[in-house]
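Listed in TrEMBL:
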- B:Thr198: active site, nucleophile (ACT_SITE)
- B:Thr161, B:Lys187, B:Thr198, B:Glu284, B:Asn406, B:Thr411: substrate binding site (BINDING)
Number of protein chains: 2
Amino acid sequence: MREVSKFTVVTEGTVTTPQGFQAGGLHCGLKKTTRNDLGAIVCEVPAVAAAVYTLNVFQAAPLKVTRESIASSGQRLRAIIVNSGNANACTGKQGEEDAYAMRAAAAEAFGVRPEEVAVASTGVIGELLPMDRVNAGIQGLPAVLTAGADGAEEFCQAILTTDLVKKEVCVKLNVNGREVSIAGAAKGSGMIHPNMATMLGFVTTDAVIKPEALQALLGMTTDATFNMITVDGDTSTNDMLLAMSSGLAGNEALTPEHPDWESFVAGFGYVCEFLAKAIARDGEGASRLVEVNVEGAVSDLSARAIAKTVIGSSLVKSAVFGADANWGRIIAAVGRAGEPVNPETVDISLGSIPVLTDSRPISFDEEEALAYLQGDTVVIHVHLHNGEGRATAWGCDLTYDYVRINAAYRT
Amino acid sequence: MREVSKFTVVTEGTVTTPQGFQAGGLHCGLKKTTRNDLGAIVCEVPAVAAAVYTLNVFQAAPLKVTRESIASSGQRLRAIIVNSGNANACTGKQGEEDAYAMRAAAAEAFGVRPEEVAVASTGVIGELLPMDRVNAGIQGLPAVLTAGADGAEEFCQAILTTDLVKKEVCVKLNVNGREVSIAGAAKGSGMIHPNMATMLGFVTTDAVIKPEALQALLGMTTDATFNMITVDGDTSTNDMLLAMSSGLAGNEALTPEHPDWESFVAGFGYVCEFLAKAIARDGEGASRLVEVNVEGAVSDLSARAIAKTVIGSSLVKSAVFGADANWGRIIAAVGRAGEPVNPETVDISLGSIPVLTDSRPISFDEEEALAYLQGDTVVIHVHLHNGEGRATAWGCDLTYDYVRINAAYRT
């Protein structure tokens, strides 16, 4: 087997680290606080673009507009305009007109064609955008765009809703001896149970890559990363993951046949997995990250279904919040996933502490389990001994704060 | 169309109201408190019996024993022995032996054959039953069995875990001019997302009914009642619904061809729906009952899937707890149910307050909505205008208390 070259995490990297990208954000009045609520990423050249969208029947207006842009521009984008505080979903014909108006205003402000602009929105469903504020905000964006870390920081802040922390990551690797960067930013943190895409995620890279290769890579990577997280089992109307590649690194165009393809896939996967885990860890009200590893399923798909059932169980999530080694709830979730499971051969461990072997309880040190479950990250290992399928899912615990946040979100 | 004769709700009725049944309960030491944790229903004649069980892969040992009893006795039962405080699930070979031992001890105590005894357990998963206490308790049961309301009361208390209130109901109707009673008792209240059966439910009747008719009726009714409730989306390992018919009313045997079949179906359905709703209302931590009515789906099955998705949404449940008229979460749940929905034709109302027409928001009085949502019961109507399918699901809100209860259940 050919050796896969390494990628390096760029500690201070941002979505503007890849060559050709600027970003920025500001407050235009969609959020009641003074936090940023409008942001943009702009590329100095037409970037190869790819996107995946929510499978919710009620897709928000911006998704329709973005899909149309990417289709009519030959899969090229120059800019992404994003607002938080209002999802522009279930807003009917006026909502669609507003999304097109956002696209047109951004195109004019950035000096690009409308079909080179993607639009994304996140926030409350069912309210019309105050377009006077949005338009005024867009006019102000060109002045705040920078290629430095400050513009990326403002952008990351602008896309957050109930998120507590920004989610950003960057890696570097060599392609044909050229340095290539891949960076990403994303936001959560409720209505998170992505199906083909997550809330909002943006990946930038300066690698030269064929459009169809980028789209295929994005879909494949999403299935193993963003589609493997859940906060509350609710799939949003606005989920969208967008990737833009400026090509300014000047490498030979990446395709699956390229000798450095696997390095690029690994780096791209790292970026997406990092963001997905960051969303899970910052899930509404979460006090810890939960990871569920399923091995020995009849297939990877089956392992994914089981891992997502366990990570989504309200009872498992409550037990993790209470640091309770309640493996009975884990096995009950495994058993209701609707996937082939041999009821006699399941092993479960919490971190490195085995609690179940061959579907039978084994005694463990409750103190040790308590200490482990009180940590920052809880890893649940499930081995089915029923095949070669494996998968990992990420989520968070269910806390009082989740209830508090969501009992009072709109009011 | 033939007129369906009426049934009457018997306000003070219990599982011992149908002729031939005795019940009782006591504390044998499985719960840490002094609440009852062991109970039985005994029939003076071999009752026609039917049962439905959880579809969870990890079925608890008592389900295996009960299935075997009903199969080997020609679908006849004389007694049901139930304990709470310990689910006897994931307890391996010893757990099976314990369930058989419970059956044998009950058979001896009640003077019936082992294959005429059903066994049910509910409580913590993965711990062995303290059989000395169980056996001692079973010895004490014959002395406390009565055909009066007191025995039924003790039985109802004995099957509860985190439930706050007992769930019991009784109806009367005429079959061939004979008075027939149908009664039921059930328990919730966490790990409630039944799939083919609910936690524990027991229906008694004195009607003469063919075994295959009772089994068919039980399955059909379960699909529209117990299988339409959810508390937390988690399907238990111990769900079981058992029906016993003593036949002492002396009517001509009920079958779908019997002229009073529809009356019996209506009364049987009322009993099951009453118990299902009682479990939903008393869901762990619940402050109000939520009912979701879906109309205009492409089929009843499709309507059921959509209703269950809405009733199970953590975001919808949190919004109901907060009395927040957040219909955006309702439509988002409708849209992710994976069922055919026309995104342009959905109406939603909260009680009698319309909030969405043709998938577009309509202005409503927030004060009126708040007052409605602060009530005891919240009904969400969803009309898809996409066919003739309809369904109703029941659940509860998601509260701080749900988290509190489940963060500390086992410890």
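Heads up, residue numbers simply count up from 1 along the chain you see.
Using the three backbone atoms N, Cα and C, a Cβ is placed for every residue, glycine included.
Overlay of TrEMBL annotations on the structure.
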residue: B:Thr161; record: substrate binding site; Cβ neighbours (10 Å): 23
residue: B:Lys187; record: substrate binding site; Cβ neighbours (10 Å): 28
residue: B:Glu284; record: substrate binding site; Cβ neighbours (10 Å): 28
residue: B:Asn406; record: substrate binding site; Cβ neighbours (10 Å): 28
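Proximity to chain A (Cβ-Cβ distance under 8 Å) holds for the following binding-site residues out of B:Thr161, B:Lys187, B:Asn406: B:Asn406. In three-state terms derived from DSSP, B:Glu284 (substrate binding site) belongs to neither a helical nor a strand segment and is classed as coil. In the three-state DSSP assignment, the secondary structure recorded for B:Thr161 (substrate binding site) is coil.
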